C-alpha cells in the first residue's frame, strides 16, 4: 500500500525530529567526554555511548533511522569541531556505533523487568551485554588506536575493551532504573516531600559515603579505591536501585578520572597504560556489588509487599480482611485528634443468601466482587474498607462529619442499586441493593463500640425494609418510603 503524501510528510518530520534531538544529545555528551581525554589516550570518561544505548533501550521508537542518523552526525560533529581529522573521526565513531549497535541488538530480546534491572540476575545479563558491546568496540578500535596513541595491538585492544565496558557499566544502570517522570512527580511539593523522606531515612549511609570519598584522597594507595564500597552497599540496602546507581556512577566516574589523571596519592601507576586499565576495570567490577545488592533488596521488598497485600486483603473482593480491618481501624482510632470525628459504616448485601441458593456459588462470588468494586470506587484513599465475613462489609472513615457520612452512605446505596450482576444466559441481570448502618463516633470511643453500634443500626435498616440507611447522628433516609410517597 502506497503511503499518502500526508503520511509521508509526517514520517519525514518524525525522522528529522528524532535525528535533531539525538544529534544534540550525543554532541553535548561527546564534548563532555573529550574534555577528559588526555593527550595520546582515550577519554577518561565517555558517557555518550552508554546514554545513547540507554535512550534506545528505554525509548525503542528513537532507535529508528532518525535516531541512528542523528547519533552519527553528533559523534562526527564533536570530533571534527574539536580538531580531530576526518579519517580518524570516522574510525572513532564507527567504533562508538559498533558498541551501541551490538549492545542494543542484545538488549532487544530481554523482558521489560530485565531491561529495568528489576531482577538480580538482570545485572549480570547487562554486564555480559556491555562486555559484548565493548568487544565490538575493541575489534573496530584496535585498527586505529596504534596509529593514534602508539600502543601495541594487545594494549590498544584491552584499552578499548575496558574503557567501553567501564563507561557502560557506570552509566547504564542509572538510565535503566530511572523512574518515568510524571507531571505529579515534578510538582515542587511532591519533590520536597520526597527529598525530606530521603533525608530522614538515609542520612547515615549518605554521610558515610560522603566521608569515604575524601578519605580516598587523604590516604591514597591502590586500596583506597575500595573505600566507598561499604558505604555504597549500605546505600543499596537503604535506597532504590536508581538512587544507588546514581551514587555508584558518581563515585565511579570520579575514581576513573582520578586514576587516569593520576590525582590519587601513592597509587603507583607511573603512567603505565596497563596499570590504568587494571585500576579502571577493578573499580568498575567492584561497583557491580552495590547495584546487585540494590536489586536484591528491591526484589525482597516487592515480594514482602505482595505477600503482605495477599495476607491483608480478601482474595475474592480485594477488600481488607477482617483481621487487617480491625488492626488498621484500631490504629486509625488511636491517631484521631481531639474532637476529630470518625464514622463507621456497616453494609450488608440484601437477599444475598437467596442469590447464592438460586444461582449458585459462582454467581454469589461474582456478586461479592461486583459489590466490593462498586463500593471501593466511591471511597477516599484513607478510608478503610474490609470484608467482615459472608456478605457483610465495614468502612471506617476518619475525619468525617455526620452529614458527610450520611451523604457517603446514600451515595453508596444508590451506586449499589445501579450495579448489575450478569447471570446465566437467558436470565435478566441481577439488581443489587444494600442496607447500611452508620455509626458516628468521637474520640474516646473504641472501634469495637463503633462496630457494635453500626451493626445495630444495620439491623434497623434491614427491619425497615432493606435498601436504606440508618444513622445514630443524622436523620435517616428510608428509600422505600420515599418511593411509595412518590407513587
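Residue positions begin at 1 at the first shown residue.
Every residue gets a Cβ built from N, Cα and C, even glycine.
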Checking 231-254, 255-278, 279-302 against TrEMBL, the stretch recorded as transmembrane segment is 231-254
Contact set, same chain, for the transmembrane segment (12-35): CB under 8 Å, 6 or more residues outside the stretch:
43, 45-48, 51-52, 55, 61-62, 64-67, 69-71, 73-75, 77-79, 82
Tally of residues which DSSP labels helix, strand or coil - the domain 'GGDEF' (340-474):
58 helix, 38 strand, 39 coil
So what's near the transmembrane segment (231-254) in sequence-distant terms, Cβ-Cβ under 8 Å and 6+ beyond its ends?
45, 117-118, 166, 170-171, 173-174, 176-179, 198, 201-202, 204-206, 208-209, 211-213, 283-284, 287, 289-291, 293-295, 297-298
